[in-house]
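Colleague: From TrEMBL, for reference:
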type: TRANSMEM; residues: 21-37; note: transmembrane segment
type: TRANSMEM; residues: 49-70; note: transmembrane segment
type: TRANSMEM; residues: 184-203; note: transmembrane segment
type: REGION; residues: 313-332; note: region 'Disordered'
Amino acid sequence: MDKFRMIFQFFQSNQESFMNGICGIMALASTQMYSAFDFNCPCLPHYNMAYGLGILLVPPFILFLLGFVLNNNISMLAEEWRRPQGQRGKDPAVLRYMFCSMAQRAMIAPAVWVSVTLLDGKCITCAFCTSVPMETLGNASHLLLSPGEIQRVLAQIPCKEIYNGQELIANEVAVRYLRCISQALGWCFVLLMTTLAFLVRSLRPCFSQAAFLKSRYWSHYIDIERKLFDETCAEHARSFAKVCIQQFFEGMSTDLVAARCHLPRKTSEDAGEASKKLLGITDQGTMNMALKSWHRCKPPLHLHPPALPSGNGWAGEGQPAVHPSTPQRETAAYYSLV
């Protein structure tokens with residue numbers, strides 16, 4: 001139990017670890033889905049390839065989209081890409097880094113599905129059973145069958161219980177031939193994905209280390225800033241609701257006294273704490289204006305004394321920065337009574 005708790009805490013440590021855990025769970029889920037999937041080849045000449053390639057390619061595409069949906073950064077990326085310019089510029093390198101990071105994680109589950117499917121060999125056997133080389137593995141001139149009849153017989157190779165072309169080509173020979181090709185493709189795909197992952201994860205920072213660190217830093221900053229903004233808005237909403245409810249009950253004090261209900265009086269400490277959390281925003285219109293101002297013109301990324309917000313954004317735009325005054329030296333004199 002302690003090990004699971006440690007793993008869960010590691011996944012919750014930051015956004016990147018959380019998404020790595022989600023992608024790992026999706027990869028395991030894809031293997032379980034394939035093992036539980038009942039593969040039934042139609043064994044018809046015009047449907048085998050569509051069914052086999054569909055099982056090979058359609059579920060990975062769905063898993064890829066699901067990886068983007070489960071990634072919390074997709075909404076953050078869309079918001080950063082579509083927001084107005086405002087007082088903060090949009091760095092295309094940061095947006096590319098965020099998109100590439102999400103795409104790499106979303107590709108894990110589809111890659112696992114394709115690898116497992118190719119190594120199993122059922123999809124390739126179903127899709128390409130009509131392409132078995134009869135000149136090498138079978139008897140193409142058996143009973144002078146027409147090409148259409150040969151295709152119909154070969155399409156029944158994945159369905160061993162209804163296959164009746166042992167004189168044309170042995171079922172075990174054809175299945176073994178196609179499964180070997182499928183497994184070879186599967187191992188090549190695994191090697192290719194492993195090599196690409198190694199190149200992306202290890203060699204990319206070596207060529208542009210400064211740009212890579214900058215993009216990664218500001219990507220994390222955008223995520224942390226969004227979380228802090230949501231937490232601040234939630235805290236303000238809680239304080240706002242608390243004050244509204246208290247004012248409602250204070251306005252109903254006459255009815256409460258008539259009903260012999262005594263409402264405890266609010267202490268000055270509670271009032272000061274609530275007003276401090278409200279930060280001067282005490283009505284719905286002002287709060288909506290603050291939210292629109294945050295979306296339209298986010299403050300620039302440099303620390304400066306806070307400025308009062310205006311109707312069109314932040315006040316003090318274009319004014320020179322106020323530098324802190326130089327601290328004055330103070331001299332202390334000591335007198336002793338002798």
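Quick reminder: no glycine exception, Cβ is built from N, Cα and C everywhere.
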Colleague: Do any residues, 6 or more residues outside the transmembrane segment (21-37), come within under 8 Å Cβ-to-Cβ of it, and if so which ones?
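Modeller: The answer is 7, 10-11, 55, 59, 63, 66-67, 70-71, 105-106, 108-110, 112-113, 116-117, 120.
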Colleague: Take the transmembrane segment (49-70) and find every residue of the same chain, 6 or more past its ends, with a Cβ under 8 Å from one of its Cβ atoms.
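Modeller: Those are 22-23, 26, 30, 33, 37, 39, 41-42, 102, 105-111, 113-114, 117-118, 122-128, 130, in sequence order.
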Colleague: Near the transmembrane segment (184-203), which same-chain residues lie under 8 Å Cβ to Cβ, leaving out any that are not at least 6 residues past its ends?
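Modeller: For the transmembrane segment (184-203), the far contacts come to 104, 111, 114-115, 117-119, 124.
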